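These come from TrEMBL:
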- H131, H180: Cu cation Z2 binding site (BINDING)
- H324, H379: Cu cation Z1 binding site (BINDING)
- C615, W617, C619, H623: Cu cation A2 binding site (BINDING)
- 21-45: transmembrane segment (TRANSMEM)
Amino acid sequence: MSKNQSDDMPTGAFNEGRRRFLAGSAAVGAVGMAGAAGVAGVGALTRSQPAQAASNGNGLSVHVDPGELDTYYGFWSSGQSGEVRVMGVPSMRELARIPVFNRCSATGWGQTNESLAVLGDSAQFQNGDLHHVHMSYTDGKYDGRYLYVHDKLNTRVARIRLDIMRCDKMVTVPNAHAIHGLRVQKAPKTGYVFANGENIVPLPNDGRHLDEPEHYWSVFTGIDGESMEIKWQVWVDGNLDNCNADYSGRFAASTCYNAERGVTLADKMRFERDWVVVFDIHAIERAVESGDYITIEGSDVPVVDGRGPDTPFTRYIPVPKNPHGINATPDGKYLIANGKLSPTCTVIDTHKLPDLFDNKIELRDTVVAEPELGLGPLHTTYDGRGNAYTTLFIDSQVVKWNVEDAIRHYNGESVNYIRQKLDVHYQPGHLNATLAETAEADGQWLVVLSKFSKDRFLPVGPLHPENDQLIDISGDEMKLVHDGPAFAEPHDCIMCRPDQLNPSPIYSRDDPYWEQARKWAEEDGVDLDTASTVIRNGNKVRVYLTAVAPQYSMNKFTVKQGDEVTVIVTNLDRIEDLSHGFAIINYGVSMEVNPQQTSSITFTADKPGVYWYFCTWFCHALHMEMAGRMLVEPA
Ligand code: CUK
Ligand code: CUA
Ligand code: CA
């Protein structure tokens, strides 16, 4: 391994270099950009990355000076917290939280009419379990349009708009019982969102079969990432754990740890081998188009039968028992399944899959390597230079190994494919390297999401934080550079370059997000942009307010006890970062109203008296005075 030349290089010098580069590029790149310095700077930093890596070897600085910007965005899942977290990498600073399956006190997610419309028929659920977050792709690369996430707890899939970083669609998946693995089609574009039904249940699950596991099944679901319509499902043997898609657009694959279709721990570990089930998306589409499907009582989603060894839709490739993660190499050549109970990973050659479906080769002929890596391999990521990095849950390590060398070893050559083992702290689950889920894997940073932090932070009582560790992989050796405590419980994360996103600085007044409020205004004959009035229709009352720092357009409004009140607030400030809120004391009402946004909330005015409403976002020196009174006349 080459000696790292920059080990002794002071970080100050490194940052000095970045600042100079930034200053130079900002001047050149400012053409036609809103907020020129900041935006141009982001691009400049990104473009400078490869050069730094080349000249500095394994000496990336984790330090981001005050006022400087991170060189990558990270999107972290949060497990049972139900939200998505936006991180800056390498600083590991949390930049934002996007509420999805949870409830959010700050934004009013789960309470505003706009969020309730997104939550739809699952609005009664206050929680979720969000393990995986993946961005939309075009031609194998992140395209910055959407994030897709799933809810293991309440069997849902949701989408996040990346321009406003808010969830705009959510669907409950029928016939499945807990969505776990979730991936999206990488090419030609997203395309499908693939969702794994993890647990086996009776189909339909309506009580006619209870303790009869022979009637329990799983389904694999394809959702249209644009319309978020559920297009089809595949009825599979076994169960489905994690999922991935190839780079051709034709295949998806899922690990199965319960080929036994068991219902106890002992049952689920009985077989020496489980499998990776590969789906031929084109064959599924053809069957659905030609009407060659069934539906299962209670839903009209087309279901094709993918059970058995010789269906047009599936192939079940045997792998060592109870595999977990499955990860596509950035060159599109391989899908690598992680052994979990086996100390191995199984390397499947994606270019052999067409022959497998044509029955020209046997199932195991698709396996080109099965390297032994250590105890408890869970997930694998890549640096774009031919190396794979796999978490070893039981060994508490990340092992770096070379894929082509593992293939040579499998073919009988005497070659050591292991490059390095690095201790992490402790018990790592997912890991991901910058852009590693895409064709543009750049081998700069690797984040490993450690499930136990034990002694790494100041004690905070019995519930410890997780430990999201940052590793510099830009040189020959992995270097652990940062510990990041996180609240429950990031399972997975992805990272992209800032130039791959285009977040809006303020809302656009024609955003479809508040379509309902627009319709109400039309019905009531008022203009949302200027309305400052109370419209009564029986006991339904709509209160239209605008906000300009530091005032609402009305100092008071009057309703009657028992009225169903909808307050619609439009923030007329056009200034970036000038968010207002709207909250009513002792009514449990609170929501965000960002620049140029309209937000609304509906409640029953069940208590007579005087109730102050106020702005929750500190927006002005007179923010405390930004308030008014709701007068509720006794019935
Ligand atoms: S799973 Cu959590 S460590 Cu739900 Cu992706 Cu593997
Ligand atoms: Cu408006 Cu604070
Ligand atoms: Ca098993």
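Cβ coordinates come from backbone N, Cα and C, glycine included.
What TrEMBL annotates, mapped onto the structure for a quick look.
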residue	record	DSSP (3 states)
H131	Cu cation Z2 binding site	coil
H180	Cu cation Z2 binding site	strand
H324	Cu cation Z1 binding site	coil
H379	Cu cation Z1 binding site	strand
C615	Cu cation A2 binding site	coil
H623	Cu cation A2 binding site	helix
Sparsest-packed of the listed binding-site residues (H131, H180, H623) - C-beta count within 10 angstroms: H623
Cβ-based isolation winner (fewest other Cβ atoms within 10 Å) among the binding-site residues H324, H379: H324
Binding-site residues compared (C615, C619) - the one with the fewest other Cβ atoms within 10 Å: C619
Minimum Cα separation from H324 (Cu cation Z1 binding site), reported as the residue among binding-site residues H180, C615, H623 that achieves it: H180
Contacting binding-site residues for ligand 1, chosen from H131, C615, W617, C619, H623 when the Cβ sits under 6 angstroms of any of its atoms: H131
Cβ neighbours within the same chain of W617 (Cu cation A2 binding site) - under 8 Å, at least six residues apart: S579, H580, G581, E592, H623
Annotated binding-site residues H131, H180, H324, C615, C619, H623, filtered by Cβ under 6 Å to ligand 2: C615, C619, H623
Residue among binding-site residues H379, C615, C619 with Cα closest to the Cα of H131 (Cu cation Z2 binding site): H379
Rounded distance in angstrom between the Cα atoms of C615 (Cu cation A2 binding site) and H379 (Cu cation Z1 binding site): 45
Rounded to the nearest Å - Cα separation of C619 (Cu cation A2 binding site) and H379 (Cu cation Z1 binding site): 44
